[in-house]
Amino acid sequence: METVVDASTSEEANGSAVEKKPIVVFVLGGPGSGKGTQCAYIVEHFGFSHFSAGDLLRAEMNSGSENGLMIRSMINEGKIVPSEVTVNLLQQAMEESGNDKFLIDGFPRNEENRAAFEAVTGIEPAFVLFFDCPKEEMERRILNRNQGREDDNIETARKRFKVFLESSLPVVEYYESIGKLQKIDAARPIEEVFESVKTVFASINEKVKPHGRAEKKFTLLKLQLKWKMNLLRNGVCKGY
Ligand code: UDP
Ligand code: MG
């Protein structure tokens, strides 16, 4: 299948690919590792649009959509919602944002998520941030955060942690094996963690520097066209 990566190779030859490709950074880490908190800081400093897969799923669940009940039961069991649903929500949010720099938080949670996102959007992440945090600290944060989430109870938290170890860590390891992982010690105070995050973003600053307006518009148009072509080739979400 022809993907953005193929298209960019030819563009790279004339030296313009990095600016014109949408930039995606995946933000991974166990439940309660601080993904959402740090993403808010990154948005403020680096101009990304932030999409939390969990937040999009919760919004979909509360919207009365036909998938609502299924999503609620998956979330309350700490299980991973089928990729088709999550990828569609992410794709829609990206398309509507008008931005071309995306922080995707809490996704991909398993190998199927990872492959589906790539097959549907044709996008590979520029790099992957991984918030590394001991289980006890994550548990403590979840039980103290009071965000009104149905799944923030000890029983579901433990299920989520198990799913994280079994399904999500292999994805983290995959990105490490291809040299795309940026691991951050997340068991520190928020400001300290963000200092490390800033260093990561600063060191890849060339890749994530803000795009000009015209470039942004062009990137978005290209992105939409590519998705339409992928959709025609693959059907809505078949083939992974
Ligand atoms: N979830 C999912 N797919 C995703 C992201 C989230 O199925 O790509 C579900 C899953 O059941 C998970 C829950 O949503 O346990 C909460 O995810 P979120 O990322 O909001 O939790 P966090 O890791 O931030 O505590
Ligand atoms: Mg979160």
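Each Cβ is built from the backbone N, Cα and C atoms, and glycine gets one as well.
Taken from TrEMBL, the feature ATP binding site applies to GLY32, SER33, GLY34, LYS35, GLY36, THR37, ARG145, ARG188. In the three-state DSSP reading, LYS35 (ATP binding site) counts as helix. Within 10 Å of the Cβ of LYS35 (ATP binding site) there are 24 other Cβ atoms, across all protein chains.
Feature annotation from TrEMBL assigns ribonucleoside 5'-phosphate binding site to ARG58, LYS79, ILE80, VAL81, GLY106, PHE107, PRO108, ARG109, ARG149, ARG160. In the three-state DSSP scheme, GLY106 (ribonucleoside 5'-phosphate binding site) falls into the coil class.
The annotation CMP binding site is assigned in TrEMBL to ASN113. Of all Cβ atoms in the shown protein chains, 24 besides its own fall within 10 Å of the Cβ of ASN113 (CMP binding site).
Nearest Cα neighbour of GLY34 (ATP binding site) among the listed binding-site residues (ILE80, GLY106, PRO108, ASN113): GLY106. A coil conformation is recorded for ARG149 (ribonucleoside 5'-phosphate binding site) in the three-state DSSP classification, outside any helix or strand. Each of the binding-site residues GLY34, GLY36, GLY106, PRO108 was ranked by the number of other C-beta atoms within 10 Å, and first place falls to PRO108.
Checked against ligand 2, the binding-site residues GLY32, SER33, GLY36, ILE80, PRO108 give GLY36 in sequence order as having a Cβ less than 6 Å away from one of its atoms.
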